[in-house]
Amino acid sequence: MAIMSDKWIKEAVINQSMIKPFVEKQVRVHNKDKIISYGLSSYGYDARVSNEFKIFTNINSTTVDPKNFSEYNLVDREVDVCIIPPNSFALGRTIEYFKVPRDILVICVGKSTYARCGIIVNVTPLEPEWEGHVTLEFSNTTPLPAKIYANEGACQFLFLNSDQMCDTSYADRQGKYMKQVGVTLPLT
């Protein structure tokens, strides 16, 4: 597998609408304010998190069960700054909508700005022909409240090209998270 360059990413956006909206260069300042960067980088794309968050809470004394997930585990917030409680977790989503080509696997890594503050972002790989908004999982590993800034960079996506086309893509097997919009909760 080879990692794809900024040149390839631009071409895939133009020819296959791979990322919408697409920002062709790194943005580090907005209205004269420093922000957490987003946009195209040398070998990846730094995506933004929207202002839509679901924050884990224990006010309803429920159990987190991935096979029978309860929305009572979460508090919905539409905010410019999401505050994640200590040692807790929040879900967000990318502003960008992705359409992954059939010969590409996309891996997500966190931003060092957040990682150095004890905030970890996790996303499972975006499989060939998957499309949708990416649900982002943010973990606050610190004993203090932590901030996530909406409309700023949250993670970086790396595009890996296979030397061979897959037999069955995510679309072929009708994956349960296909064409998701908004923050998508666990499905079984």
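Including glycine, each Cβ sits where the backbone N, Cα and C put it.
Sequence annotations record features per position, and here Swiss-Prot assigns active site, proton donor/acceptor to Glu137. Within 10 Å of the C-beta of Glu137 (active site, proton donor/acceptor) there are 14 other C-beta atoms, taking all protein chains into account. DSSP assigns Glu137 (active site, proton donor/acceptor) to a strand in the three-state reduction.
In this structure, Tyr170 (dCTP binding site) belongs to neither helix nor strand by DSSP; it is coil. Contacts of Tyr170 (dCTP binding site) defined by a Cβ separation under 8 A and a same-chain sequence distance of 6+ are given as Val100, Glu127, Pro128, Glu129, Trp130, Met178, in order along the sequence. Under the heading dCTP binding site, Swiss-Prot lists Lys111, Ser112, Thr113, Tyr114, Ala115, Arg116, Thr135, Leu136, Glu137, Gln156, Tyr170, Lys179, Gln180, citing sequence analysis as support.
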To the nearest Å, how far is the Cα of Glu137 (active site, proton donor/acceptor) from the Cα of Lys111 (dCTP binding site)?
13
C-beta crowding around Ala115 (dCTP binding site), within 10 angstroms:
13
Going by DSSP, is Ala115 (dCTP binding site) sitting in a helix, a strand, or coil?
helix
